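Structure, as structure tokens:
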Amino acid sequence: MTHIVTDTPLWKKLSDHHWEVVGTHLRELFDTDPDRGVDLIVTAADLYIDYSKHRVTRETMGLLVDLARAAGVERHREAMFTGAHINTSEDRAVLHTALRANPERELIVDGQDVVGDVHTVLRRMGEFTDRVRSGAWRGATGERIRTVVNIGIGGSDLGPAMAYRALRHYVDGPEVRFVSNIDPADLLSNLTDLDPRTTLFVVVSKTFSTLETMTNASAARRWITEALGEHAVPRHFVAVSTDEERVTAFGITARNIFGFWEWVGGRYSVGSAAGLSVMIAIGRERFTEFLGGMRAIDEHFRTTPLESNAPVILGMLGVWYSSFFGADARAVLPYAHDLARFPAYLQQLTMESNGKSVRTDGTPVGTFTGEIFWGEPGTNGQHAFHQLLHQGTHLIPVDFLGFAEPIEDLPTLDGIGSVHDVLTANLFAQSKVLAFGKNADEVAADGTPSALVPHKVMSGNRPSTTILGAKLTPSTLGQLIALYEHQVFVQGIVWGIDSFDQWGVELGKTSALELGPALWDLDGAAYVGDSSTTGLIRTYRLARGERRCLP
């Protein structure tokens, strides 16, 4: 039976404490504890994390850490790092941390030398990367590869696409494009200006049977063979998969298969062979730096006491707002345009992991779980949705991400200052205004007409974290990824759920396969068991000019 922490006296104590804190404004918290902006910070590797603008006291943080400890975060953390089968519903180890482990580390799990296997694949990836980047690997007509197209979906797309966008200044290899959606527009728009002779496809699918991925891969194969012939397939396709039989049947040679393992889920796989396209783009040395950034946070998470452990603190703040305040969402706002896809990446990482309503033992959870992650880069969001963050009725904690040193910069209008400084001033201003706001007296003191005062009041007391890195590099990107990965783990342990399965995505897949014939089998009946779906199919078929066998 799962240890149900929500039924413990400690949970009750936190619930009672919440009612003591909920009526206290952040202005008051800073007035009574002026050093909190110095003390309520934590550093992890190259990241400076300020959590002082949260609706917590020092007592709150002590209780949250006590809750993490009581839930068994330390014990389960060690179980994860050492290969225990903590993914209980699938009876699997959870070893994404092994993907970035030092090669000298020994880890035997289920009779396999996990770290040795990882570095064998990394070496093969590096050798292949060097061949593509140097021009030693060429297409069927002898042309050098100029574009790599990554075909995958979910973790086989979101992580690599995010990392490629984030690290664009470090790209000195072939251009990489990403195709994920089964909508033909995705593949066709990416192929329209490409030359088959200079294009290499990386097909990423653990089973090599994922519907969307294999539909796109098959279409890409036709594109190659129609232009270059069947013999060209082995020179224009490689695979990231565990199913050699299916891959070789597709026409890819076995030596061009890069494997990964059941113990790494898709949303945790960007540091595995699923990141091959990123390695080709930035080179094996920078990819190693990327893995090193993840490893630095792994080591911080594994060895740092809970009281100063960044993933524990941030994960428990998420529990605080979700389970005690009833907050549904967290906004992640990177003030770095190259991190534009980072919120979308976090959506899968966090919501597929912790969007669960039963505990590991199958019993219903007793609290809200999971957070809805969303966001856009600053300052764009300030002209879109920040209005709701500042004056809306929803409580939405915010994570601000920023960097001290820009990779590229421009002068201000007067030619004196730095536009990056202006960007960062906006980041700090948003954090400050969310926390402290502007009350009616302050608005009126500006000469605002009395009728307009209520409209201009900013209530403040809106919580946020600010995470600052020195510069956006492969290492700091890896650090950010691991920082959020381990937050997910901490929350899952406290809520008693399995953060590493995703059964909720399966029924939709099977239902789509069942419904498909009603759309394209024009001699079959369109009725599928309920009037709504039947009506949608009928409307769809009529719009496509097909009237046979309609109810």
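Here the Cβ of each residue, glycine as well, is placed from N, Cα and C on the backbone.
According to Swiss-Prot, the features are:
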- Glu352: active site, proton donor (ACT_SITE)
- His383: active site (ACT_SITE)
- Lys509: active site (ACT_SITE)
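Location within the structure of each feature annotated in Swiss-Prot.
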| residue | record | DSSP (3 states) |
| --- | --- | --- |
| Glu352 | active site, proton donor | helix |
| His383 | active site | helix |
| Lys509 | active site | helix |
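Each residue contributes its Cα atom, and for His383 (active site) and Lys509 (active site) these two points are 37 Å apart. For Lys509 (active site), the same-chain residues that are 6 or more apart in sequence and have a Cβ closer than 8 Å to its Cβ are Leu211. Proximity of Glu352 (active site, proton donor) to non-local residues of its own chain (separation of 6 or more, Cβ distance below 8 Å) is seen for Gly154, Arg267, Gln502, Val505, given in sequence order. All protein chains shown were included, and the count of other CB atoms within 10 Å of the CB of His383 (active site) stands at 9.
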